[in-house]
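A.B. asks: Pulled these features from TrEMBL for this protein:
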type	residues	note
ACT_SITE	A:Asp27	active site, proton donor
ACT_SITE	A:Asp29	active site, proton donor
BINDING	A:Asp27, A:Asp29, A:Asp258	Mg(2+) binding site
BINDING	A:Lys233	substrate binding site
Number of protein chains: 2
Amino acid sequence: MSQPQYLTGQPEAIQDFLSKFDIFLFDCDGVLWSGDHLFEGTVATLEMLRGAGKRVVFVTNNSTKSRTDYRKKLEGMGIPATEEEVFGSSYSASIYISRILPQRHPELKQKPKVFVIGESGIEQELDSENIPHIGGTDPAYRRYVEPSDYTRIAAGDPTILDPEVGVVLSGLDFHYNYFKICLAYHYIKRGAIFLATNIDSTLPSAGALFPGAGTMASPLVKMLGEEPLALGKPSQAMMDAIEGKFKFDRSRACMVGDRANTDIKFGLEGKLGGTLGVLTGVSTKQEFLEGDARPHFYVDKLSDLLAKR
Amino acid sequence: MSQPQYLTGQPEAIQDFLSKFDIFLFDCDGVLWSGDHLFEGTVATLEMLRGAGKRVVFVTNNSTKSRTDYRKKLEGMGIPATEEEVFGSSYSASIYISRILPQRHPELKQKPKVFVIGESGIEQELDSENIPHIGGTDPAYRRYVEPSDYTRIAAGDPTILDPEVGVVLSGLDFHYNYFKICLAYHYIKRGAIFLATNIDSTLPSAGALFPGAGTMASPLVKMLGEEPLALGKPSQAMMDAIEGKFKFDRSRACMVGDRANTDIKFGLEGKLGGTLGVLTGVSTKQEFLEGDARPHFYVDKLSDLLAKR
């Protein structure tokens, strides 16, 4: 495995690095900001890249936010961005369901109905691809299980198990419950495809960890003995969806991230021309230099790229 | 591995089998009944055993029912039983917490407070051992997470994270939610012992499968990368608790069950004098004869034992 090249304080090397790529895919938390704190130089670095004609894409596993929501979050952090520059796991899942699933599963209806475990971000993105869906934020699913549910579900009663559901999509759902898990399980047992927006086990918030989207799917995984196909980083299904949308040359693309085992791995497995690790997040210099997923390049912080020749 | 001895239609062999044991531990569903259907001869067989001076114990992983509840269920099925004859996973957990945990974790308070994910059966059994508890069926925990919860939990605010909690006990909870999982995770990260009444992945009902107690713990397992200590079959912690209560000679005890990989394994690993497989439930004759967990004896159905000499 080759050694990562250190770019901080090397104007010539930075210039050379920048010239290799047309598009930069950014992980956000730990790269552009940390929690609520925007890193100094983030906006200037993004402007420098855009000014040099580079495309920037914000790649997020956050499934609760649509692209519109996430653009607002970026603006709230002080980062100007367009909706077109945002690529989230809910959008990735919607692209997958509408454009890729029909090729892989010709037995499915075109745009099968989706049973959603998740919040409105998923619903908005499914709507943007005109994919029919049930579950999600519908209050009818925010209830406890009733004795009659067992017999109705066991009997496949179409008033409780919609016969048109062909996909179960599991994302972060702050309102998940026993009833939704029962329905999702039975939809999958009846043949629905099991997808997850992403399988992150934890969600960072307020400086601590909370249950992530991956924990929503875990009761189903335990019952089924089967993992969902995940549409977020580091799944290559997400890379395929990004490429399908932006139509770029992978050899001229660079993934930027703070975590070796998700972000950098995502870029390496996607055979991108480059990966850039930043030391403002989770992974340490030692992980970048000695770990299993080593970036091609690394910097102390993203804004070190401003010191180009 | 020795071959199981077939007892059906062998009066001499049955007589010999019965003479070897003083106590019989019974799995229930698949042995005494199936779903709502009581097997013919179940009551007569239990009466025959009691009449011969044998002790019978009904061993159940059902964590939602206390011993009192379960005795009522047995009576409802037409099986006379005393509360003393019932041993459930919630009771097993309570015995473990009150009698065994203080020896293994001398740093814990005697009878530490328990954060319960589960229904009233667990609460009743904790009460029977005078163990303080929070969570469970308390309506205050049946709510959605609020933005302020994240900061309060992250800060370890004692009005949301009770500093006296030393154990998280996870059982089947039809009202589980994101908030309870958040709290359980943080209690464990702060040092609480992670226990589960049982880890069955599914719950049979109405002829179909629904999420079992093991699915309640699975989001926590995913976040923590750590399995709970389970107090139900086939965990030997349950066998230790049963032995602690009934004070029997293991060489004179027989486990009766329909599932090789849980019931029979439970008896074999507990080094009981005998295990009896019945063919009225999940495991097949082939599993008993060729599987990894082979019973010492097997019968077509439990009531075949009535044909003794």
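Cβ coordinates come from backbone N, Cα and C, glycine included.
Note that the coordinates shown come from a computational prediction; the quantities given were computed from them, not determined experimentally.
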A.B. asks: Can you tell me how far the Cα of A:Asp27 (active site, proton donor) sits from the Cα of A:Asp258 (Mg(2+) binding site), in Å?
C.D. replies: 8
A.B. asks: In terms of Cβ proximity below 8 Å, which recorded positions out of A:Asp27, A:Asp29, A:Lys233, A:Asp258 neighbour chain B?
C.D. replies: none
A.B. asks: Measure from the CA atom of A:Asp29 (active site, proton donor) to the CA atom of A:Asp258 (Mg(2+) binding site) and give the result in Å, rounded to a whole number.
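C.D. replies: Between the Cα atoms of A:Asp258 (Mg(2+) binding site) and A:Asp29 (active site, proton donor), the distance comes to 8 Å.
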A.B. asks: At the Cα level, what's the spacing in Å between A:Lys233 (substrate binding site) and A:Asp29 (active site, proton donor), rounded?
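C.D. replies: With the alpha carbons as reference points, the distance is 14 Å.
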A.B. asks: Around the recorded Mg(2+) site, report the further residues of that chain (criterion: Cβ within 8 Å of the mean position of the Cβ atoms of A:Asp27, A:Asp29, A:Asp258; site residues excluded), sequence-ordered.
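C.D. replies: Other same-chain residues with Cβ inside the cutoff are A:Cys28, A:Gly30, A:Val31, A:Leu32, A:Gly257, A:Arg259, A:Asp263, A:Val278, A:Gly281, A:Val282.
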A.B. asks: Helix, strand or coil: which one is A:Asp29 (active site, proton donor) in, per DSSP?
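C.D. replies: Note: A:Asp29 (active site, proton donor) is in a strand by DSSP.
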A.B. asks: State which of the following recorded positions has the fewest other Cβ atoms within 10 Å around its Cβ: A:Asp27, A:Asp29, A:Asp258.
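C.D. replies: Ranked by other Cβ atoms within 10 Å, the recorded positions A:Asp27, A:Asp29, A:Asp258 bottom out at A:Asp29.
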A.B. asks: Relative to the Cβ position of the residue listed as 'substrate binding site', how many further Cβ atoms are located within 10 Å?
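C.D. replies: Here the count is 27.
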